[in-house]
Amino acid sequence: MQLPLALCLVCLLVHAAFRVVEGQGWQAFKNDATEIIPELGEYPEPPPELENNKTMNRAENGGRPPHHPFETKDVSEYSCRELHFTRYVTDGPCRSAKPVTELVCSGQCGPARLLPNAIGRGKWWRPSGPDFRCIPDRYRAQRVQLLCPGGAAPRARKVRLVASCKCKRLTRFHNQSELKDFGPEAARPQKGRKPRPRARGAKANQAELENAY
């Protein structure tokens, strides 16, 4: 009689334990691997998507590098450095009473934003293109008075001085002494050239010799 009573007590204890587990839910039940079993019928919510998610494979800025804070919108502008030169105007033995000041376009073309005293801006169409030079752009006329030795009467003369410079590029169609300007007008095809006649082959020459006989 004691054995059946003990079995009944064990069954009651096991039943009570299962009741307690069902009351607390499956989350309180752990298996041997110490893994929490999720509740049946419920699915874990997906993690919220970050607004500024940079791990996604998305093209940002149109596939271009981000805008540099020091770069201006018009970074294609290039200009010459302003160089002043003072000289006397001479005409034979006569020389001007006062020196004249003009610009010398011998500087190297560079970004206009980096040149504080830049003049005459041009467009840099291709950074890896041909060579660029700084050449005179506009001139101004100035009248100077020349003094001649020997007590001769002074005389006036009009000279042309450089007023501004600009950047021009060398092209592969010209040598380095010829410069080409920017813009769509620079890409004009050369007119007046006739196509070269094709050289005749040896077979054509042989046929003409046979017909000559």
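These residue numbers are counts, starting from 1, taken along the chain as shown.
Cβ atoms here come from the backbone N, Cα and C positions, even for glycine.
Listed features, source Swiss-Prot:
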SIGNAL    1-23  signal peptide
REGION    41-71  region 'Disordered'
CARBOHYD  Asn53  N-linked glycosylation site
DISULFID  Cys80-Cys134  disulfide bond
DOMAIN    82-172  domain 'CTCK'
DISULFID  Cys94-Cys148  disulfide bond
DISULFID  Cys105-Cys165  disulfide bond
DISULFID  Cys109-Cys167  disulfide bond
CARBOHYD  Asn175  N-linked glycosylation site
REGION    178-213  region 'Disordered'
COMPBIAS  190-201  compositional bias 'Basic residues'
Disulfide-bonded residues near Cys134 (disulfide bond): from Cys94, Cys105, Cys148, Cys167, Cα within 10 Å gives Cys105, Cys167
Please tell me which one of the disulfide-bonded residues listed here (Cys80, Cys105, Cys148) sits closest to Cys167 (disulfide bond), measuring Cα to Cα? Cys80
By the 10 Å Cβ-neighbour count, the most surrounded of the disulfide-bonded residues Cys94, Cys109 is Cys109
Check the domain 'CTCK' (82-172) for me and report the mean pLDDT. 77
For Cys148 (disulfide bond), the spatially nearest of the disulfide-bonded residues Cys80, Cys105, Cys109, Cys165, using Cα atoms, is Cys105
Take the C-alpha atoms of Cys80 (disulfide bond) and Cys94 (disulfide bond) and report the distance between them in angstrom, rounded. 34
Which chain-mates of Cys105 (disulfide bond) that are at least 6 residues away have a CB under 8 A from its CB, listed by sequence? Cys80, Leu83, Cys134, Ile135, Pro136, Asp137, Val162, Cys165
Ranking the disulfide-bonded residues Cys80, Cys134, Cys148, Cys165, Cys167 by other Cβ atoms within 10 Å, which is at the bottom? Cys148
What's the CA-CA gap between Cys109 (disulfide bond) and Cys94 (disulfide bond) in angstrom, rounded? 37
DSSP three-state assignment for Cys109 (disulfide bond): coil
